[in-house]
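Here's the structure, in structure tokens; my notes come after.
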Amino acid sequence: MKKFNIVIVGGGSTWTPGLLNSLCKKKSEFPLGKLVMYDIDEERQSVIGEFAKILFKEKYPELDFNYTTDKETAFTNVDFVFCQMRTGGYTMREKDEKIPMEFGVIGQETCGPGGFAYGMRSIRDMIQLVEDVRMYAKDAWILNYTNPAAIVAEALNRVFHDDKKILNICDQPVNLLRSYGKILDMDPYEFEPVYFGLNHFGWFTHLYDKEGNDLVPVIKNIVKERGFAPADAEQRDKSWLETYAMVEDMLKDFPEYLPNTYLQYYLYPEYKFKKMNPEFTRANEVIEGRERRVFEECRRVAEEGTTQNAHVVHNDAHGDMIVEVAESIAYNKHRLYVVIVENNGLIGNIQNDAMVEVTATLGANGPRPYGVGNVDTFYKGMIEQQLAYEKLTADAYFEGSYSKALKALTLNRTVVDAKKARKVLDALIEVNRDYWPELK
Ligand code: G6P
Ligand code: MN
């Protein structure tokens, strides 16, 4: 069996231990020759890296592993780049979430002005990353999970349009499929989903079982009766449980399809705003929760020299998915995933150059997406407004345009009012000077 070489960009991420664990679990299906972790933050990464050494000594002794801050060492001779960077770290995530709230607007990592701010930061580093990777590994697959995935995908599609080995993908559809599997007591790997929309902005229209029966109506009924929760509810913080619970509300108002949880921010911006605590946002929850736990545990493992009592991994959906996606490409397995690709008629009545999220098979030659035909007016309107926001955000970045940025935020359903948009934008510019291009 051919062995593959992988680099994890953002080695110091709180998600890395889970990903490493998935790589260990799947070493017989997807064996690795070399694994490198790469990060610009040496200190953060070394904590995870030292944990990894012990993990691999126990579970993957044959693996050639190291971690580095050097690009050439990181990218030379790799087949897959797993990219999960966070420009500005949780410090900036906290600002993304809190600043909009000062003006009465949703504060969220990928939606609304928070996502705008994060997007403007991610674009520069992601372009640089692709250039760096291509310098040393021109044929490597770049599997990108960096957020906000919609904005990143739009920007990368503009700059590297002919590079067919960049795949932007998000784990939320898989998280949802696992949750449907749980309530139906079925294996989510057996589902054949039909999905359309934009990243963090889409709907499952059908979910077929092996015999071709559509399970969407069944799921809707169960959610109506019992509500909705994530598959790994016991490991989730309060805000995520509330987020999943909102699927019931969304189905009440828009009963056609199963919505991606992120739609709650766009459909109920005022209601959700009132429920959010401007003093303690998701960033705080993560900093005090996952981040603290992961780093404490990794340090402890390094000290004790064994992973025996380690609890660094909480949710394996994310890591498993990243590994399975690579495996599907590596061995041309043509498994089904919801991925982000250029529209070109997949959603019939949406412009061709949109980066849309749909189901695709994933094989050695990349995604082969399934079209969904035309979508109804409500969904078309929702998507086009959000798409315009995304496109204008990328325009604002590439043109250094304040006016485009203002238009983008005004079109975002979490903002709407242009005076508010201007205030939020000005406040975000202040704190993002080191990261954004100057907006004139
Ligand atoms: C889901 C989304 C990701 C997002 C993550 C946030 O998995 O698909 O795009 O980054 O949630 O999780 P967090 O626990 O950091 O709020
Ligand atoms: Mn996502």
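Cβ atoms are placed via backbone N, Cα and C, with glycine included.
Taken from TrEMBL, the feature substrate binding site covers Arg93, Asn147, Arg282. For Glu109, the entry in TrEMBL reads site 'Increases basicity of active site Tyr'. The feature Mn(2+) binding site is assigned by TrEMBL to Cys170, His200. What TrEMBL lists as active site, proton donor is Asp171. The domain 'Glycosyl hydrolase family 4 C-terminal' annotation in TrEMBL covers 195-415. What TrEMBL lists as active site, proton acceptor is Tyr262.
Locations of recorded TrEMBL features on the structure.
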residue: Arg93; record: substrate binding site; CB count, 10 Å: 24
residue: Glu109; record: site 'Increases basicity of active site Tyr'; CB count, 10 Å: 23
residue: Asn147; record: substrate binding site; CB count, 10 Å: 22
residue: Cys170; record: Mn(2+) binding site; CB count, 10 Å: 26
residue: Asp171; record: active site, proton donor; CB count, 10 Å: 21
residue: His200; record: Mn(2+) binding site; CB count, 10 Å: 24
residue: Tyr262; record: active site, proton acceptor; CB count, 10 Å: 23
residue: Arg282; record: substrate binding site; CB count, 10 Å: 23
C-alpha spacing of the residue listed as 'active site, proton donor' relative to Asn147 (substrate binding site), in angstrom: 11
In sequence order, those recorded positions of Arg93, His200, Tyr262 whose CB lies under 6 Å from ligand 1: none
DSSP three-state assignment for Arg282 (substrate binding site): helix
Local confidence of the prediction over the domain 'Glycosyl hydrolase family 4 C-terminal' (195-415), expressed as mean pLDDT: 97
Beyond the site residues Arg93, Asn147, Arg282: chain residues whose C-beta lies within 8 Å of the centroid, for substrate: Arg86, Tyr90, Asp96, Glu97, Gln108, Glu109, Thr110, Gly114, Tyr118, Ala283, Val286
For Cys170 (Mn(2+) binding site): DSSP state (helix, strand, coil): coil
Contacting recorded positions, sequence order - Arg93, Glu109, Cys170, Tyr262, Arg282 vs ligand 2, Cβ under 6 Å: Cys170
Largest separation between Cα atoms (Å) of residues that the record links to substrate, namely Arg93, Asn147, Arg282: 15
The residue listed as 'active site, proton acceptor' versus recorded positions Arg93, Cys170, Asp171, His200 - nearest by Cα: His200
Glu109 (site 'Increases basicity of active site Tyr') versus Arg93 (substrate binding site) - Cα distance in angstrom: 6
Mapped DSSP class for Arg93 (substrate binding site), helix or strand or coil: helix
Alpha-carbon distance [Asp171 (active site, proton donor); His200 (Mn(2+) binding site)] in Å: 10
